[in-house]
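S.K.: There's a structure below that I have some questions on.
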Amino acid sequence: MVINENMIDNFTAELEVATNLVKTAACLHIKGRENPITVYQKGVLDEVTSTDYAIEKFLVDELLQKFPDDRIISEETHIAEITDERTWVIDPLDGTSNYARKIPIYGIQMALLINKNPVVAVIYLPELEEMYSAAVNQGSYLNDERIYVSSCGDLNQAIASMGDFSKGSDRAEKNRVRLAGVCAIANHINRLKMWGAACYDLASLASGKTDIYLVYSYDIWDIMPGYLIAKEAGAVFQQLTGEAFDYTATTLIGAANIELINELLELINYREFLDNSTTN
């Protein structure tokens, strides 16, 4: 996508709006934790809280007031197909199960997409008071300080994190793919973490706290905000089967600096592990 100077000016304004909105919305997170949290089941092993709905409504209402011609895609109430139009993608509470159990690893995230590509993204981690932000071709920031992915070039020293195992009625096949990835990488890295929130995974990657992120085709509200922030910080995204990044791919995706991505592709025969694994 070609970006001109006028577009960058617009993105700067929209980044400011997004940053202010998620920080304001975070007050609902903190307030919601002061009382017993009501958890609903929206699917097989898939939880949602009243806080999810309250924050989503606030963000959607405010965005449509400021940008009435924009589309909205959000996790709970505005699920739609992605198009080339200007579209805000919202995850009002990423890490719902953590939040519901008072584990302080969760966040709010949103991104603006144009032509299906994220051009503005913010992630706010309320418990840590960390605001991650990025606009295309302008770098990534943590609380207004420029951030970069780690410079680790030795896979054996790398700290990786991985997305949760799948929930839902089709989880067996998806989890087979994840387990193949764990088997393929386990003997080649230092540590493997599972935080339970994509926003935290990708924020940690972007700021150099971790070195590698492994993910299996998240929904766009899970992956797109952190994708732009990590990419602007220097991360490379690659399917471990060798194909180019595609968030809809039904295989494992790795994100890291270019040296570690190349090591992953050279040293790990992920496809062999995948082909040799069997469903239960």
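Going from the start of the chain as shown, residues are counted 1 onward.
Glycine too: its Cβ is placed from the backbone N, Cα and C atoms.
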S.K.: Can you pick which of GLU75, GLU81, GLU232 TrEMBL lists for the same Mg(2+) 1 site as ASP91, ASP94, ASP222?
M.R.: GLU75
S.K.: Can you see whether DSSP assigns ASP94 (Mg(2+) 1 binding site) to helix, strand or coil?
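M.R.: ASP94 (Mg(2+) 1 binding site) sits in a strand per DSSP.
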S.K.: On a simple 10 Å Cβ count over all chains shown, which one of the binding-site residues GLU75, ASP91, ASP94, ASP222 is most densely packed?
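M.R.: Output for this query is ASP91.
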S.K.: Test of understanding: give the count of other CB atoms lying within 10 angstroms of the CB of LEU93 (Mg(2+) 2 binding site).
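M.R.: Around the Cβ of LEU93 (Mg(2+) 2 binding site), 28 other Cβ atoms lie within 10 Å.
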S.K.: Three states by DSSP: which one describes GLU75 (Mg(2+) 1 binding site)?
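M.R.: In the DSSP reduction, GLU75 (Mg(2+) 1 binding site) maps to coil.
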